[in-house]
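Report on one structure; see the data block that follows.
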Amino acid sequence: MYKLKVVDASKIFRRDGQEVVALQETTMQIPAGRFVSIIGPSGCGKSTLFNMIAGLIKPTTGKILLDGQNIVGKSGYVGYMLQKDLLLPWRTILDNVILGLEIKGISKREARKRAQPLLERYGLQGFENNYPPELSGGMRQRAALLRTLLYDQDVILLDEPFGALDAQTRLQMQEWLLRIWEDFQKTILFITHDIDEAIFLSDDIYVLSQRPGKLKAKIHVELERPRTEETLLSDEFRSLKQTLLDLLREEPRENGTT
Amino acid sequence: MAQPEKKRYIEDEKKRQQRMKRIVFGGQIGLGVLVIVLWEVLTRYEVMDPYYWSSPSTIYETAKIAFLEGTLWNDLVYTSLATLAGFASGTLIGSLVGLSFWWSAYYSRISEPYLIAFNAIPKLALGPVIVILFGIGFFSKVMLAFLMTVIVTALAAHSGIKAIDKDLEKLLYSLGAKRRHVFTKVVVPTTMPWIVSSLRINIALALAGTIVGEFISSRQGIGRMILYAGQILDIDLVWVGVVVLSILSLLMYAGTVSLEKLLLRGQEPKQ
């Protein structure tokens, strides 16, 4: 039994009378509790795929099954986090984190009580009553992820959450994310175009090709957990990186455009 | 040989700022006093004709009499209440109209040109119509103040709506939000700085609307007092009206500033 199945899902837009294929028919089967990365050049339809799974746009063909139930066009069934932290600047960190619970109809007081220990445990103690602009990029992403986590869905989509952070903070955040993933046993889908990040974090890596986006390969990462900075220097890591680099290099480049 | 002690020069930011603040404040007071003194002196020595320019001391004496008789108080309360009622209702309804544009892109786009056209009408020119429609009483003044403020606020709120981050809406939907959640948790707070930025202009506009309403036809109010004083050529009393209105306007402005702080709680007003 797979947690999340994407069955022949595709997305075609019509722009100026011309059909633009954002994502060709794609099938994925993701078991519960996996950490899965999706990697590919920009414009390969990664975000389109996420928007479809999150129910924010409807696929042109195909189905999205969560626990066997079709969730096409239904939002709110999976957690979703974007590259921008999207914290509401007029709310404190604590009140940002409880946003999902509030929408579910849980009282502010109760929601705060539930969120408080999470903030303390995951590196935001002392920042509860600060406003987002007062925090560093890394801290804001932590808050944004905790918000998604507290919404309490089994599947969480992360769209390049650490893309805007510097290398040092990034590594810290990756380790932090792995800790959370192990504690909460969520199924995580993670978009990135950083190969190191994909290998470091994932059980499986899906490689998508350039537009029109198409699933090109699925790589299983057998690196032992828990992974640390040393993992990044191991031979296994390097050979996986080579494989992925080769896969991405085969891409025919468009001339002059990105 | 004894070394001469080195002189140390330490920049003290706090002291410098305090000094600057003191000088600025002193200068502001000084300038005001200077203007009043000049006015008094120039009119006393008839460099400026005291018949037209009156003088601070005469204005003070005339105001004292008018206050003691009680009529100025009544007029002041009348004008203040009409202004505040027009300001409050105009701002509130204008905000609601502006916010309502978020609910439908069609509705918003269809009505926008009309909103702009309505904004272009010189509302004060409608004064006589308003007075005929609503009578010469309190309500017609409120209506004029309301008309002066409502469209400005609606347009400000509409700008706020246009500036909403689509990704924020997306995020809320991904958290299972319905439209009403997005409205209360994102749309209203995002638009608030725009609405608030229109408050300061609105209070002045509302006062102008009320005064014009009183000019056209009224039994009470500072506007009517000024008009009456002008008709009987009591120019001192006209000046009393102008000074009282200026003070009223300043007080209302100060009130608006505290209202802004209350509504924004940390956010900055936007244009």
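Going from the start of the chain as shown, residues are counted 1 onward.
Glycine is no exception: its Cβ is also placed from the backbone N, Cα and C atoms.
TrEMBL labels come from automatic prediction, so no person has curated them.
As annotated by TrEMBL, transmembrane segment applies to B:23-42 (among others).
Here TrEMBL flags B:72-256 as domain 'ABC transmembrane type-1'.
The transmembrane segment annotation in TrEMBL covers B:76-102 (among others).
TrEMBL lists B:114-136 (among others) with the feature transmembrane segment.
Residues or ranges marked as transmembrane segment by TrEMBL: B:142-161 (among others). When Cβ-Cβ distances below 8 Å are used as the criterion, the transmembrane segment (B:142-161) is approached by residues 82-83, 85-87, 89-91, 93-95, 97-99, 101-102, 108, 112, 115-116, 118-119, 123-124, 126-127, 130, 133-134, 187, 190-195, 197-198, 201-202, 205-210, 212-213, 270 of the same chain, each at least six residues removed from its ends.
The list of residues near the transmembrane segment (B:199-217) in space but at least 6 beyond its ends in sequence, with Cβ under 8 angstroms from a Cβ of it, reads 79, 82-84, 86-87, 90-91, 123-124, 127-128, 130-131, 136, 140-149, 152-153, 223-224, 226-227, 245, 248-249, 252-253, 255-257, 259-260. Positions annotated as transmembrane segment by TrEMBL: B:199-217 (among others).
Sequence annotations record features per position, and here TrEMBL assigns transmembrane segment to B:237-255 (among others). Among residues of the same chain six or more beyond the transmembrane segment (B:237-255), those with a C-beta under 8 A of the stretch's C-beta atoms are 54, 58-59, 62-63, 66, 72, 76, 79-80, 83-84, 87, 200, 203-204, 207, 211, 222-223, 225-226, 229-230.
Tertiary proximity for the transmembrane segment (B:114-136) is limited to same-chain residues at least six positions away from its ends with a CB under 8 Å from its CB atoms, namely 143-144, 147-148, 151-152, 154-155, 158, 208-209, 212-213, 216-219. Remote same-chain residues near the transmembrane segment (B:76-102) are listed as 108, 111-112, 138, 141-158, 160-161, 164, 183, 187-188, 191, 195, 198-199, 202-203, 206-207, 209-211, 213-214, 220-223, 244-245, 248, 252 (criterion: CB distance under 8 Å, separation of at least six residues from the stretch ends).
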